[in-house]
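Take a look at the structure set out below.
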Ligand SMILES: Cc1ncc(C[n+]2csc(CCOP(=O)(O)OP(=O)(O)O)c2C)c(N)n1
Ligand SMILES: CC(=O)[C@@H](O)[C@H](O)COP(=O)(O)O
Ligand SMILES: [Mg+2]
């Protein structure tokens, strides 16, 4: 195994862009591929990242940049987690020591990084819709010589948007649009559903290709009649294919289909892509790849083929142990609740492991549903399960719930159905960039009638609130918690209605701490003490509906402060301010949360520091707020 230096090898170093790549001889490409793999392994070992997906597209990406002319031709990556090789071949190989670091290379395409990058959103199943629009724009602008190429994984192809796009693309016979299905048979775990089995049958039905090759090899050797007979046979290819290979649904959609192509045979991929390019109409190129290809620890990693490992030893593939996290607690609690309540079922959207539901699936295999990357379907299927008398728990990352908002609102809440949605990775996640931060749910869910939201501050509260949530049977409930290690446990010193009082102070400041912001708020209260400002810290536990006791408590304080790990606009802080206004409690309210903008990638603590979600910042801002109002407040009778 070559010494993995973490720097590009000589050949890769010489590739400053697709032009250099095109000038390489075919026999240099395997060397290039090996250097790319070395750099992928070394850089993700150091920073974590999507090693498995990128190892699987090395030859595919080389072929794409040799056949097409980016950025004149546009190459789109669905989800974008598999675009590291694309970045290496478009002049960024030398920056992989900064992968996913603040100010360094993003783990996804980035328009600011390169003219070769377009889609920055890491939400899956969008690339075909972008491609449809882009190709139509080029046609309308008289730039029809530009080919649009969208790479979509078999997992992303289980997302509904992809089929909405295919339906439209199939209707546009004159769009030079190439859909590369990167079929490695997996999302994290093996891809599920009818489509997955269809793709699998195509993969296994190499029979058709073998028979055809055999016929071609033997018939065309027969003098005079051989070739015409072969052509006749080939002419009935569709029938032959249907007989030997299952119904190829893509062709039935009206799309040309080229496949199955060995995705690790770079020359074969190039040939297929050239054929597809020359059709000048929508074509599917079905490429078979292996996730983690070329690195045995990834190839043999059962759970997810090193989909997105943390830091690991490149020689052994041994991952650095992850801390006891919120996800683990949820997984354990689901097994306990599943034993108590046989009506509890769980749904994952192709993220069984990342959401912690593996223990539940092992304990109750017939009560776990993996719906693929299909959050919209997940929510409405959950509504069906609830209508059927069950209590579904839908576990998704907070940011991906956005995709299923209408289903939660109109298919679940409108019918007051007992569905519990568990949002992992809520708040700032950090190194997966702007589209991964779970900073939207506490805002968008405020408008859902009859929906309850719980935000646990630590492990005991997660267990407690999840148990309370699944007891709610007259409407949807939501429990949300951040990525990573559980927060320090903080016991209540009293109760205020259903809220936990974490620190009882004189009525200067009422500090409303939302979920895992508790530790930060307690530290801020200590800092305020030193300034002679006394803070009462309460943890609402349930932030929707808010506890009326908050109104009475606010009345006797000089300032109300709400701290939350969500976008500031329309979230808990605004809900508290509205509740106090409605109750004619005109105590000033300050809300501290995530600024309502897209955040660049960096580690979570770094981002929290930059946006002022630290105890020092909160204490300083409260001190300033008190000082600004003190003349008024001094003379203002306490209410
Ligand atoms: C809407 C949405 N849901 C879930 C995810 C999380 N996610 C990221 S990559 C991935 C698996 C993608 O599988 P596939 O498209 O086959 O690509 P591969 O990793 O196999 O190359 C998932 C579920 C996401 N990015 N977007
Ligand atoms: C690309 C994608 O959506 C996921 O793979 C994401 O990277 C998961 O990140 P964590 O599971 O590490 O939070
Ligand atoms: Mg896949």
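Cβ from N, Cα, C; glycine included.
As written in TrEMBL, here are the features:
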type	residues	note
BINDING	81, 122, 123, 124, 155, 156, 184, 295, 375	thiamine diphosphate binding site
BINDING	154, 184	Mg(2+) binding site
DOMAIN	324-488	domain 'Transketolase-like pyrimidine-binding'
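The binding-site residues close to residue 154 (Mg(2+) binding site), defined as a CA atom within 10 A of its CA, are 184 out of 81, 123, 184. When every Cα pair among 81, 122, 123, 124, 155, 156, 184, 295, 375 is compared, the largest distance found for this thiamine diphosphate site is 32 Å. Checking the binding-site residues 81, 154, 155 for a CB within less than 6 Å of any atom of ligand 3 leaves 154, 155, listed in sequence order. Proximity of the binding-site residues (81, 123, 154, 155, 184, 375) to ligand 2: a Cβ under 6 Å from the molecule is found for 81.
For residue 123 (thiamine diphosphate binding site), the same-chain residues lying six or more positions away in sequence with a CB closer than 8 A to its CB are 79, 399, 400, 402, 403, 435.
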